[in-house]
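Per Swiss-Prot, the features are as follows:
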- Leu40, Arg41, Gly82, Lys85, Thr86, Thr87, Arg191, Tyr201, Arg238: ATP binding site (BINDING)
- Thr86: Mg(2+) binding site (BINDING)
- Arg331, Arg336: DNA binding site (BINDING)
- 33-42: compositional bias 'Basic and acidic residues' (COMPBIAS)
- 1-42: region 'Disordered' (REGION)
- 13-201: region 'Large ATPase domain (RuvB-L)' (REGION)
- 202-273: region 'Small ATPAse domain (RuvB-S)' (REGION)
- 276-352: region 'Head domain (RuvB-H)' (REGION)
Amino acid sequence: MAIVSSSAGRADSQPPAAKSRVVDASPLPEEASPAREDGLRPKRLEDYIGQRELKQVLGIAVKAAMGRGDALDHVLLYGPPGLGKTTMAMVLAEELGVKCRVTSAPALERPRDIVGLLVNLQPREVLFIDEIHRLTRVAEELLYPAMEDRRLDLTVGKGSTARTRALELPPFTLVGATTRAGALSSPLRDRFGLIQRLEFYGLEDLQAIVERAAGLLRLQLTAQACQEIARRCRGTPRIANRLLRRVRDVASVCGGESLIDAALVDEALTLHRVDARGLDASDRRLLDLLLESHGGGPVGLETLAAALGEDPATLEAVVEPFLLQLGFLQRTPRGRVVTGAGRRHLGWPELP
């Protein structure tokens, strides 16, 4: 039960924002809108490339719900940013033949914000909440009966005049997306019937995504050019599409070539300082500092952050994860260490 007149702050604090990077998986300001002008988002499950197990599970759930004439069960999608959680929510709505109402947890700071969304839902509609781990406690309490019993419990008034009012809600589907599934409270997480993780994409799927996006942008790329973009996008479709747009910019300025080849892709992405493995200037600065000034480590996080002029939380949350994923960096009790693979990539000899 929740009090309508209550207000509360945001549920958690976020790490300081890093400088804008072309290989950042988080959406840039111009990419924040779910509906972009270039229309690169797939609209149906059959157009959604990759995530085969996820598509199979959700496809069966959609067909079953439509067969019953009921709303799809509530869905929680989690995983790293840029893998298609928002897109999947919109695809589910399209498959169900209903609207998808899109919002994010920080926009639902006041109880009346989420109440307004819930009472205006039409039968079987999809409500998508991004960053759902950032919901306030009051917003979560409003969602509990809404998700479980399709009912909104409101307390109107204060003190001795307070009274409880229950509003019946139509059947609806809540799709929550988060990069931090562990930050969700257990009561909220337990109310989702389908909890699915999105994985990083393989090279073959990424190449298919680049080919599809190139067609929608009316670009002609060789297979090698598509593969070159796929190699550098960190397993993330959002980054792949962003790199493709940067390649388009260079191609149009360099004479508007009708066919974009791998050499032009390399030229364009080298201009943006993205190397053959997807590392950018920030990644290489960290590795270079460790190698040139500290013999490859170990070096503490605070020391690295001070030397690089970065916030420690930003360094740990934004720069390091991809280096760890590639096996170029290792976290040890004594600090950060460049691995043999990291040394080879930067052209340094391995330690004996």
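Note: Cβ is positioned from N, Cα and C throughout, glycine not excepted.
Shown for the region 'Small ATPAse domain (RuvB-S)' (202-273): DSSP residue counts in helix, strand and coil, namely 51 helix, 2 strand, 19 coil. Mean predicted confidence for the region 'Small ATPAse domain (RuvB-S)' (202-273): the pLDDT average there is 90.
If you measure from the Cα atom of Gly82 (ATP binding site) to that of Arg331 (DNA binding site), you get 25 Å. Helix first, then strand, then coil: DSSP counts for the region 'Head domain (RuvB-H)' (276-352) stand at 43 helix, 9 strand, 25 coil.
For Leu40 (ATP binding site), the same-chain residues that are 6 or more apart in sequence and have a Cβ closer than 8 Å to its Cβ are Ala213, Leu216, Leu217, Asn241. Rounded to a whole number, the distance between the Cα atoms of Arg331 (DNA binding site) and Arg238 (ATP binding site) is 27 Å. Separating the Cα atoms of Arg331 (DNA binding site) and Thr86 (ATP binding site) is a whole-number distance of 32 Å. When the alpha carbons of Thr86 (ATP binding site) and Arg336 (DNA binding site) are compared, the span between them is 34 angstrom.
Counted within 10 Å of its Cβ, the other Cβ atoms near Gly82 (ATP binding site) come to 26, all protein chains included.
Taking a C-beta cut-off of under 8 angstroms and a sequence separation of 6 or more, Arg336 (DNA binding site) has the following same-chain neighbours: Leu290, Gly297, Pro298, Val299, Gly300, Leu301, Leu304, Glu320, Leu329, Gln330.
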